[in-house]
Structure formats: structure tokens, C-alpha cells
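*Asks:* Here you go, one structure.
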């Protein structure tokens, strides 16, 4: 059961990151003709009209043609149903991911994490034992991530600010950590520059491809280099989870992309102040 939960969580994170990666590539690859089609559809107005390929001069290869007896209310109904289905799928996927991660945490000491060795921005050796005595918020990402990584990093920064304002004693016990899954491009210099945009309490770590791969494997993090674009750029598909460890290094909780800063704060406080009853 534990293995199935971990697999479900990893697959869910992978689908999430892959979908966002493809959306990013799609935005980069949209040419003027595709934009013209999109704009034409938005300007179509009311009536039974469809955008089709054409050869009229100045039309950009498209023209407006009437089509069969399909009413706009019917099309609107289809759009509403489709949007509802997409929304339900997203909510259900997030629910299942959170449920799976919750099962992993609640079954005792899960087979997630373990000994690892990387370097910080000053080139100093850092291991999992470096942070003993501290609670840690661990996130895997890469400096050239266009949207997801920055959003998650900012979210954790807001969590730290809220904790400092409302729970200063707890705030002082927490260390946010960013681990690069793109060591080929995330040099110490690149990570130093990247780190300027985020919360000052972050510790940024990288290492050799082998070291990063070994650590990602221990955390069941999916990492895969996506296809390169024409200009040689590429994305790195990876799991989108923040791992919360207690002050002994054991996994305490996992926070998914759908969680708001307030949700994370609530969970952090709950975990750090929990007193087991015997």
C-alpha cells in the first residue's frame, strides 16, 4: 500500500509538471498565424460563424465562413460542460495527491529521504546532517523554470514571513532549502543570481548530476529533461512537492502545489506543536 501511495503521488506530480511545461512551450512556439486565429475567434461576435483556412489576400490565410445550424447557446453549453470537467479533474487530482502523500506520512517513517551530500553557494559541503536541530522546507526545482518554481518559492517565502509575524519562535526553527535538479546549467554563479529574487532565508544547493540524481531518487522525485526548443533552451519536468522535515530529519508532511500559503502555515504550526498522547 505504501508503494502504491508513493507511485500515485509521483505520477500525479509528473502529470502536473509536464502539463505546465507543455503549456510553456506552447506559448513560446505560437506563431503569428496561430495568434491571428485566436484573435479572429475572439472577434467573431454572434452568429453561426467559423474560422476556416482561406487564401484571400490580407486575410492571413483565414476567412470567416457561415456553417450549419449550430446555435451559440449549444456551443456555450458544451464549453461550460468542458470547463466543469477540467475543473473537476484538477480538483480530484490534487485531492488524490494530497491523500496519497498523507498516507505516506501517516504510516510511520516512510522510505522517503535519507543521507545525501551536495554543496552550497560558497562551495561548502552540505549534507542532510547539516540541518539537524532545524525543521526544513525542501523544494526541488531549477533556476530557468518559467513559472511553477518561482510561484512555489514565493509561496514558501510568504509562509516564512507569516510565521515570523505570528509565530516567531517557530519561524526561527525552520530552514527553507532549494535543491537544483538542473546541475548542468545551475552553476553556483547562476544560483546566486537566481536567489536574489527570493526570500533571504533560503539555502540553495546543487552538486554533480550523480549527486542530484541520487538525492531525487531517495525523495521519489521525478526528474526528466524535456525536448530542447529551436534556440537550445529546455525545461526540466519534475515533481512539485515541498517536503517538510522535523528537527531530526524525518519527513513530517508534504505540501502540494494547490495549497495556499495560509494552508501551509496551518500545517506547519500543527506539526511543530503537536504533542503525542500516550
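Even glycines carry a Cβ here, placed using N, Cα and C.
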*Asks:* For the Cu cation site that TrEMBL lists with 145, 149, give the additional residue from the candidates 199, 238.
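*Replies:* Looking through 199, 238, the residue TrEMBL assigns to the Cu cation site is 238.
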*Asks:* For residue 145 (Cu cation binding site), what is the tally of other C-beta atoms lying within 10 angstroms of its C-beta?
*Replies:* 22
